[in-house]
Amino acid sequence: MIRAMTGGGLRLETNKERSTAAPLRAASVPAEVILPLDQHAGTAARPLVKVGDAVLLGQPIAEPTSDISAWVHSPVSGSVIAVEPRPVAYHAASSPCIVIRNDFADRRDNANTAVDYASMSPAQLSDHIARGGIVGLGGATFPTASKLSQAVAQPDLHLLLNGAECEPWISCDDMLMRERAADIVFGAHVLMHALGTVSCTIAVEDDVPQAIASLRAAAAQVQPHIRIATLPDVYPAGGERQLILAVTDREVPAGRLPSDIGILCQNVGTAAAVARWIRDGEPLITRIVTITGSGVREPANLETRLGTPIASLIADCGGYTTDDRRLIMGGSMMGLAFSDDRLPIVKGSNCVIVPSPSDLHPRSAEMPCIRCGNCSEVCPAWLLPQQLHWQAQAHDVAALESFGLMDCIECGCCDYVCPSQIPLTQRFREAKVPVQAELLARSEAHLSRQRYEARGERLVRIENEQRARLEQKRREITGRKSPP
Amino acid sequence: MTAAPHTVAPANTVGRVMRQVLYALLPAICLHIIFFGPGLVIQILLGVTAAVAAESLALRLRGQPVQKFLMDGSAAITAVLIALCLPPLAPWWLIVSGTAFAILVAKHLYGGLGSNPFNPAMVGYAVLLVSFPAQLTRWLPPDISGLQTVAFSLPETLHTIFTGSLPTSLQWDAVTSPTPLNALRTGVAMGQTLQEATAQPIFGMLGGRGWDWINVALLAGGVWLLSQRLIRWHTPVAMLAGLTIPAAIMSAVDPGSYPGPMFHLTAGASMLGAFFIATDPVTSATSDRGKLIYGAGIGVITYVIRSWGGYPDGIAFAVLLMNLSAPLIDRFTVPRIYGHSR
Amino acid sequence: MFAAFALTFALVSLLAVALLWPRESPASNESRLIDRINDLLPQTQCRRCTFEGCKPYATAIARGEAGINQCPPGGERTMIELAELLKREAIAVDPKFGVMPAQPAVAWIDEAVCIGCTKCIQACPVDAIIGGSKFMHTVITDDCTGCELCIPPCPVDCIEMRPKAAMTGAVT
């Protein structure tokens, strides 16, 4: 059951076969869609529509507000019935949302057309990808174009497509790779063009043979060549930094981006979304969502319009088997628990688990740490969670920082193996707040110091220049007064 | 709602860890009973009772939930480890006071489970060793043909343990026999060569008869713990290396006075120390490199005490000395973090 | 006997070397010490310590010309860090060097009143005020350290301190 590797990580019961038995199919389209404006990383989008406006399928309804922000498109045609805060599943607070009533006509926005990406410059292509509202679909929802533009200055970039769906229960990428490998390969070529590179690897865990076979078949038909790399199915192999180490044998230095070592990582789902936008002119208005767990009658993967309430997907899967309304958005290791099934599917929703009590092993009573070291053995960031735990209890910010708290990726491996049942990850999440504040204060102090020193230098320079000018003038005057 | 992760490894608790350690000790306990009589059973029962009483008292005084901590089994392990170190006929108050001291002073005065800097079992044993040296040398010879002059059955064992005196007209001198480590040290001190000293019938092919098999059983238990991933290989391997390498060097230099590695590995508490005592996670070093240093230190100090120190075996003091060094070792063996150069 | 001595001695000296191994090289010369003191200071450049800025204060501490209790923005924490670095006795921050507001504050210019005299711009130690002569001035909230040095020179008293949270919170 528990089987750790030298680099940390765990072999977990994946439970993926529960949702991969049924083929990928379209979810039913709801009468009303709810589209949060902050469903991507970065700043919230600004609405372009108001209540009462008619919208078309694929029409942009909100625009980005900064370099890290994203377009939002309407996944249905119909009319805007509300622009207001609504509860969402990805954080505790409400988010500003646009709510659209579906007229079920699916009238398309004809402004969205396919483009010939090969004739575009990388910068144009990146801009165009941004207009598709495309964000990282692995869960982090970082705007894809922003990531491209951060990396594009780097020479010799390598595109790494992340198909290592390491979290238990989730199988949406597996199904996508099985059934839409051509989309992924097409998207990979678009992204390669946008980055000006010809080297690309798709990394997949070795427990998805069908996905590997269809990716190989799709990749074999086109140039430039795409390498398919298989990894052992160890959680969290799909963590960006862990994946890069596994595939390229290089570490991303702390505090830096993968692009700093010439690697750009994108989820396979993102590549497929890019393909739909470039080749078919369809912006990011659907995604594949895994609905699974013993609490739902027929687990499946559904291609879902964004904004669809989760209850509608559960109904598509035959409904609940229990009255227990405990839901998890994401996998069992890193997902967020919630209970309201009226919340909408967003760009980052890869999976909804409806667990029955037998699906999960909840924590038992917490005991003191016995320093067994299981946690440091499995930590994929090579931290010493037991030491961090002591330091977090002592609120020792300096020690927490020097023992690498900020390098914790919150994967939950340490919790999983802790015989003392300590909720380490949650403790670390809480402890990060003061450490983050300390780091911010320090970087602000550093900037103030730079400005102070720059000002000092400038004042000295101005004074020197004035003195030099005075000297010059004096020399001129004395030169005139006393002729040779 | 709970925070992620929403699932943890099933049936993975401190109590399970401690139970597995007890299972791993079972073969050695059985062999100990075969060779040295039923005394160990009584000692374990006395020790566990004392440990449970001391643990509940301490928990109650500290205002901790008694039930929850009593079930973790760590007090029982402490008692069993001390019992394994004592002569099976030792008087009852020895194990009771040693265990009580271990639990009350070495464990709870330092903050209880997880907070004690010293291995409680070794503190308890060391206190008994320095306080009551005479009682701790009263070992029986193993019950192997021709070694035992008097056989101790259960009633006689009970009588001896609870009254502190031997049944009928027996004298201690007639019944007891030095442990192999002790016999060797006395012999060499009296000017005998190693060969002369080990000519006694209590010595066998590898080391002391009986003891060699107990050590093999402990090794088997330790290997099982390794296979169950309850302990890491670093500490035991480093400790055994720290014991055997000096032994190999010294016996090569002066084979007349220093026994070889095989003797050391199968004598005294070598395997118990390597797999069950040095591996106590609470009191040992944290990182893999730290465990290597920590284990090697225990091995070397054990060898030094056995060869030149005042006691026949040195595991307890070696473990306590290295417990003392563990925080220092931890400080210097912090592993590299992903993405950091150092 | 010799072997026993040699083995224990080797072990003990190994641990001693580990214990005494210098983790960071001590500040061997003054300028390095000044830099290390300066690293601990909050870099508000507010001159409450009576020196011309954080670096001059650090220099004075290094030379023994100033106490470690003269920095109100750093507060008790900075004082303790300085005491640890310099192996000096901890001592409460002297209130005569000023008292900090409970909430971090930044300067705010009432632009309706500002006459564009540039006096505050010249006073700002971190170039956090922008504006030209005869033109209205503005504080860059993100860069303001809350030193209050811009307040005395203002001829029309149009600068006031406002809680930083309120000023930055309004943007997002």
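For all residues, glycine too, the Cβ spot is worked out from N, Cα and C.
Feature annotations, courtesy of TrEMBL:
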DOMAIN    C:29-88  domain '4Fe-4S'
BINDING   C:Cys46, C:Cys49, C:Cys54, C:Cys71  [4Fe-4S] cluster 1 binding site
DOMAIN    C:105-134  domain '4Fe-4S ferredoxin-type'
BINDING   C:Cys114, C:Cys117, C:Cys120, C:Cys154  [4Fe-4S] cluster 2 binding site
BINDING   C:Cys124, C:Cys144, C:Cys147, C:Cys150  [4Fe-4S] cluster 3 binding site
DOMAIN    C:135-164  domain '4Fe-4S ferredoxin-type'
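In the shown protein chains, 24 other C-beta atoms lie within 10 A of the C-beta of C:Cys120 ([4Fe-4S] cluster 2 binding site). Look at the Cβ of each of the binding-site residues C:Cys114, C:Cys147 and count the other Cβ atoms within 10 Å; the largest number goes with C:Cys147. Those binding-site residues from C:Cys54, C:Cys71, C:Cys114, C:Cys144, C:Cys147, C:Cys150 lying by chain A, with Cβ under 8 Å from one of its Cβ atoms, are C:Cys54. Among the binding-site residues listed (C:Cys144, C:Cys147, C:Cys150), C:Cys150 has its Cα nearest to the Cα of C:Cys114 ([4Fe-4S] cluster 2 binding site). Put plainly, the binding-site residues C:Cys46, C:Cys54 were compared by Cβ crowding within 10 Å, and the winner is C:Cys54.
Using CA atoms as reference points, the binding-site residues C:Cys49, C:Cys54, C:Cys71, C:Cys120, C:Cys154 were checked against C:Cys144 ([4Fe-4S] cluster 3 binding site), and the closest is C:Cys120. Per DSSP, the secondary structure of the domain '4Fe-4S' (C:29-88) breaks down as 32 helix, 0 strand, 28 coil. Shown are the binding-site residues C:Cys71, C:Cys150, C:Cys154; the one with the most C-beta atoms within 10 angstroms of its own C-beta is C:Cys71. Neighbours of the [4Fe-4S] cluster 3 site: apart from C:Cys124, C:Cys144, C:Cys147, C:Cys150, residues of the same chain with C-beta atoms within 8 angstroms of the site's C-beta centroid are C:Ala107, C:Cys120, C:Ala123, C:Pro125, C:Val126, C:Ala128, C:Ile129, C:Val139, C:Thr145, C:Gly146, C:Glu148, C:Leu149. Closest to C:Cys71 ([4Fe-4S] cluster 1 binding site) in space, going by CA atoms and restricting to the binding-site residues C:Cys120, C:Cys124, C:Cys147, C:Cys150, C:Cys154, is C:Cys147.
Compute the center of the Cβ atoms of C:Cys46, C:Cys49, C:Cys54, C:Cys71, which mark the site for [4Fe-4S] cluster 1; besides them, the chain residues with Cβ within 8 Å of that center are C:Leu41, C:Pro42, C:Thr44, C:Gln45, C:Arg47, C:Arg48, C:Phe51, C:Gly53, C:Tyr57, C:Gln70, C:Pro72, C:Pro73, C:Gly74.
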